[in-house]
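Colleague: Next up is a structure, given as structure tokens.
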Amino acid sequence: MASSRRALPVATLALRILSLLFLIASVVIIATAKVRADDTFFDEPDTTFKNVYAYRFVLAVGVIGCAYSLLAISFVAINLAGRKKMIGGTEGGTVLLICADVVCAVLLAAGGAAGLGLTVEAQRLFGEFLDASFKTFFNRADISSVALLLASLCVVAIVMLSAYSLTK
């Protein structure tokens, strides 16, 4: 019985760490995606995430998700170390974290969908006109958006585990 009581917080911690890793990867990939001006026929400066609003949103959601994940990981670590409920020793704290996780999951899904949607549409409309450097840029943005969606799936799994822990 003691091991089953400890299994849910350990699984939650593992999913939160996996979610954090996906979010860090997303932020690093979108922040380093760049098309250099000398690689294109345009006379404009380098093209980065700053030039596209949807990619700015992807980066902002990734950074917000990282901050929230670090905060939530600390609560789960306290839960594991102290072997008591996460906030205040009541179920109200767990419900608060579930609500915050739901908001985070929706935000991560919206960021991933925005980046993925723009990338797919841009490649569909301009695919034949894009050179290799722009294709690489869009592929990196695509990978960053998918990482956000994977982090969102991890947070949804956390919500399900947390809701299950309330019923026990």
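FYI, residue positions are counted from 1 along the chain as it appears here.
Yeah, the Cβs are placed from backbone N, Cα and C, and that goes for glycine too.
Feature table excerpt (TrEMBL):
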{"type": "DOMAIN", "residues": "6-154", "note": "domain 'Casparian strip membrane protein'"}
{"type": "TRANSMEM", "residues": "53-82", "note": "transmembrane segment"}
{"type": "TRANSMEM", "residues": "94-120", "note": "transmembrane segment"}
{"type": "TRANSMEM", "residues": "143-166", "note": "transmembrane segment"}
Colleague: Are there residues at least 6 beyond the ends of the transmembrane segment (53-82) whose Cβ is under 8 Å from a Cβ of it, and what are they?
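Modeller: Residues 6, 9-10, 12-13, 16-17, 19-20, 23-24, 26-27, 30-31, 33, 97, 100-101, 104, 107-108, 110-112, 114-115, 117-118, 141, 144-145, 148, 151.
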Colleague: With DSSP as the yardstick, break the domain 'Casparian strip membrane protein' (6-154) down into helix, strand and coil residue counts.
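Modeller: Within the domain 'Casparian strip membrane protein' (6-154) the tally stands at 125 helix, 2 strand, 22 coil.
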